[in-house]
Amino acid sequence: MKYTNPFISENPWNYSWCYSAMPLTKKRSPDGQSEEQGRYLQANSREFNTVFAYPNNTIKTSKYNILSFLPLNLFEQFQRLANAYFLALLVLQLIPQISSLTWYTTVVPLVVVLTITAVKDAIDDLKRHQNDNQVNNRPVLILKNGRVECNKWMNIHVGDIIKLQNNQPVPADILLLSSSEPGSLTYVETADLDGETNLKVKQAISVTSDMEDNMLLLSAFDGEVKCEIPNNKLDRFVGILMYKGKSYSLGHDKLILRGCIIRNTDWCYGLVIFTGPDTKLMQNSGKYTFKRTNTDHLVNVFVLWIVVLLVCMCSVLAAGHYIWELKTGYYFQDFLPWSKYVTSPAVSATLIFWSYFIILNTMVPISLYVSVEVIRLGNSCFINWDQKMYYAPKDMPAEARTTTLNEELGQITYVFSDKTGTLTQNIMIFKKCSINGVSYGNVFDRKGEKVDISEKTEKVNFSYNKLADPKFSFYDNTLVEAVKHGNQQVHLFFRSLSLCHTVMSEEKVEGELVYQAQSPDEGSLVTAARNFGFVFHSRTSETITVVEMGEPRVYQLLAILDFNAVRKRMSVIVRTPDDRVVLFCKGADTIICQLLHPSCRYLQDVTMDHLDDFATEGLRTLMVAYRELDSAFFQAWREKHSEACLSSENRERKIAIIYEEIEKDLTLLGATAIEDKLQDGVPETIATLEKAKIKIWVLTGDKQETAVNIAYACNLFEDNMDEVFIMEGQDFETIRQELRSARHKMKLDPTLESYLLTSKPKPFFRILEEVPNGNFGMVINGYSLAYALEGNLEVELIQTACLCKGVIFCRMTPLQKAQVVELVKRYKKVVTLAIGDGANDVGMIKAAHIGVGISGQEGMQAMLSSDYAISQFRYLQRLLLIHGRWSYIRMCKFFNYFFYKNFAFTLVHVWYSYFSGFSAQPVYDTWFITFYNMIYTSLPVLGLSLFDQDFNETWSLRFPELYEPGQHHLYFNKREFVKCLVHAFYSSLVLFFIPMGSVYNSVCNNGKDISDYQSFCLMVQTALLSVVTAEIALKTTYWTMLTHFFIWSSLAIYFCISFFLYSDGLCLLFPSNFQFLGVARNTLKLPQMWLTLFLTVLLCILPVIGYHFLKPLLWPIGVDKVIERIHRCMRQPQLLLIQPKQKRPTCRRSAYAFSHQHGFGALITSSKTVKSPLYAKRVFSFQK
């Protein structure tokens, strides 16, 4: 109220008892680190503050430096078991007594893999270094030696006094000392902290505000601050300022946090409290963790399995060698002499064990990881090159900022999304209104039929109003005509909108007004009134100046009855220029309808019908009403209000009762409808993702009302839901009862429920998937969540939330967002994705398996911390359902095929050992072993893993159910691995014994024996390559000219290289390295060779063809039905019915979302916002 000063906690008290038990030193924590117990600092005294070793303001998000890069990166890479395995294998190959292959066959691929990965990591970290340097080297004004000096952010220290100017970001957490605004107010935007772009107000205490910008006083200021230790609570700060022998309490309303932006304030000074990693923004940013995909973890497990299998195989073969040497080889030493270091069959068997370990290492070839890196890089490039994810207005394509997580995009089950800037554009647009029973905003053609508004629709011409906002658009000319013709009800409606608000105006250039509103809704309403001729121009603590149809009118501001979450309305009481006292009120329709005079019943019914129509379009609505007051009645009410404000007990309740006395018997003026503009395609994207069985949870720092409105607008919540549970308990027991009640309504399994309520969850406890008995949603705020995360209540929370179709978490801190993501990861065996656009989303982006950053209005922090960057939420469906699904299927096919071809390749050695005295002699030519993975099978693998598609992008988007196999890991798992092993075992038997049988005791046409070692090797390796090529051809579902080239050219390359390697010239020049003289031309003309080739290919692929045919019939999975539907639609396109877009059939009215705080009302009426006498004179002259 204008006659009541706001309560400001600046009276001197003795707060020393608060810190009597708090030592002002640091003690050692159990891990040996210094642990701060309480912060103590002195202004303008670096010497004093240095004693406590507070960190400077440098921010470091990079992982490496020049010295640590090589050892740290190698350490990380050798955490991958396969790399460690090949390093050990390399060491073994350097021992000549056991090496059956040359050392360079392992070291070259290993170095290539390590180098490619290191270069990629170095490039990624270099980008982080560049971003850190950009932030740390930003300019800032620091007070030193009585004058302000320009310095860098990283040189700020605790205790410094810094100067900030309008539109400048805040570099550290500072205590506000003074500002250019009246009452030392400072307006800040906190979008990077809580996602809200509306302004917050901070106010300095009077003992420092009097210093203003006096350099002498600021330099002499030596106040001491005792406060809490650095923490991540954005809405809490406790401390005291001791200055000139007095103590002053400090709260979070005096602290401006790093990440805020100064708005509508020319300058302000602040004392630095927290710097760098101690700031609340960085405390909430979370830690970077090295992300690996599920397939990486599985491959690590399979590597262990293979190593164990390899050891077992080598042991069996070594035992066979021991028996052979003992019974046979010992007596043939004249022909097969032992080496000098072999003294017995046991020693020979031990050495043979390691020889077989080396020769059979191809079960896990190093080329596997080279291929994986190339495939992931290629699929990342496809994401970067996707023109359908290019956003022209910002000239921004999609970007894969990491190349290691592509297939994980095809396995997402939970999406955690920010709201502001991610789902919405945070733009409020005045779309329609209802005034005195007439609805405005629709457009009709000459026939009187309603026309949909598009870009071609003609806009209303506001040229008659010189103060109109050129960005404002409206399409119904009938409302403008009503204003021009002087319709009294229409004028009164817009007069109400221009007066009933707490917006602050600024006119830096004459005729160009800039509004600063705590809520975007309120700003849009004032802008609408401005364009229709009722321009809110300026305000003082006692007046509001409105330019009505070109004529300035000054209203005396008598009272502001501010908004709060319970009232859901606000009112102003003004004295008009014609000396009438009028109350204007706006608020939620459910509240206003209860306050209307009975004579408004008919108008109320008509307006409610209009509100239903507005709600059908998903618009946010509020009602507008007024009441003309008798002067005597108002004076009596004012006295009651003064008494209530001065009351020391139940003050807020008494004030609320007084408000209700005057806010009644209102006359209805009409209603407004505002569009909280969603990003393009958000509802359609959410609907598509839900069809893919992806659950979407919205995690926002915004208020509950706004979050729920958006949930309905984007179809995350629906009107036909059985129930939406609101969790708003303020203590542990209440939250527990709310969760149990919700689970009971969803009919949770009683067995599991009793387990959850009576037992403490184990560290690796996983919550099983359950199907609720209906369609439910849940809303929970950050305060209640803090209790829900305690003890075993978190299990009940996650169990209840996972049963809901959609979940909204509101009023959350950045740390709580990350905690919710970690909670799902801990108790659900699923892949998670977090998407956001602000610095307050960085924590959850880092915590999720996949982090997606959006280039929004809240800066680039989210993008810089993300794994993938897109510019619009709607691109998420292409990222997941197309690129993610294709990448997952391709990678699964790659791993299955790669393990198969290498198992088949390796196991042939085992069967050959029974015919070679277990001597570790390879069954293939050495050059074939070298080229098998690097050349002969590399092109088909790349063709399959880069270009294969089971269905094109049109079918992938039309049938999102195709995404489901990835969520359940159906295409690559332990069962599939065992199937590969069994298939390879069978194929290796065919590949060895069919050639063996075809050449056994066989002769050529000239009578020469053909069962020699070289010919047999060529037949086996040719049959092997033909079989694996046929196998990959069966796996390929998307055939192009490029695919044909990649697959069949491998066979052509093999035959060309074979003729070259086995040519006379090469064998004669290098006889020790090329020992297969003329084998190719002699063997390939034999009929036994082609018979072997035909039989091996036929016998190896027949079981595969039979399995693929019988599997959908005998062991179908859910996606098989979808595939059958697609095939039917391909055969009969008329079966593909295109569903027309339907308007959301809702009757739910999304209420006007005021700010969650009390607004500027108390400050406006407290005389604290009066600009200056000069400013008052300018307004007065304008009024004249």
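Note that Cβ sites are derived from N, Cα and C of the backbone, with glycine treated the same way.
Cross-referencing 78-99, 980-1001 with TrEMBL places the feature transmembrane segment at 980-1001. All protein chains considered, the CB of Arg811 (ATP binding site) has 20 other CB atoms within 10 Å. In this chain, the transmembrane segment (927-947) lies out of contact with the transmembrane segment (298-324); the count of Cβ pairs under 8 Å, excluding pairs fewer than 6 apart in sequence, is fewer than 3. Residues 896, 899-904, 906-908, 910-912, 915, 923, 1010-1011, 1015-1016, 1019-1020, 1023-1024, 1027, 1088, 1091-1092, 1095-1096, 1099-1100, 1103-1104 of the same chain, all 6+ positions outside the transmembrane segment (980-1001), place their C-beta atoms under 8 angstroms from a C-beta of that stretch. Residue pairs drawn from Asp418, Lys419, Thr420, Glu522, Phe563, Lys586, Arg620, Thr700, Gly701, Asp702, Arg811, Lys817, Asn840, Asp841, the listed ATP binders, are separated by up to 34 Å at the Cα level. Listed recorded positions near Asp841 (Mg(2+) binding site): Asp418 (candidates Asp418, Phe563, Arg811; Cα-Cα distance within 10 Å). Panel annotation: around the transmembrane segment (1013-1034), residues 897, 900-901, 904-905, 908, 923-925, 928, 932, 936-937, 940-941, 944, 987, 990-992, 994-996, 998-999, 1047-1048, 1050-1051, 1054, 1058, 1075-1076, 1079-1080, 1082-1084, 1086, 1088-1089, 1092-1093, 1096-1097, 1100-1101, 1104-1105, 1108 of the same chain, lying at least six beyond its termini, place a Cβ under 8 Å from a Cβ of the stretch. Stretch with the most C-beta contacts under 8 angstroms to the transmembrane segment (894-915), considering only 344-370, 927-947, 1091-1110: 344-370. Sparsest Cβ environment among the recorded positions Asp418, Arg620, Asn840, Asp841 (other Cβ atoms counted within 10 Å): Arg620. For the pair Arg620 (ATP binding site) and Asp837 (Mg(2+) binding site), the Cα-Cα distance reads 24 Å.
Sorting the domain 'P-type ATPase N-terminal' (42-107) by DSSP state (H, G, I as helix; E, B as strand; all else coil) yields 31 helix, 1 strand, 34 coil. Gly701 (ATP binding site) sits 9 Å from Thr420 (Mg(2+) binding site), taking the C-alpha atoms as the reference points.
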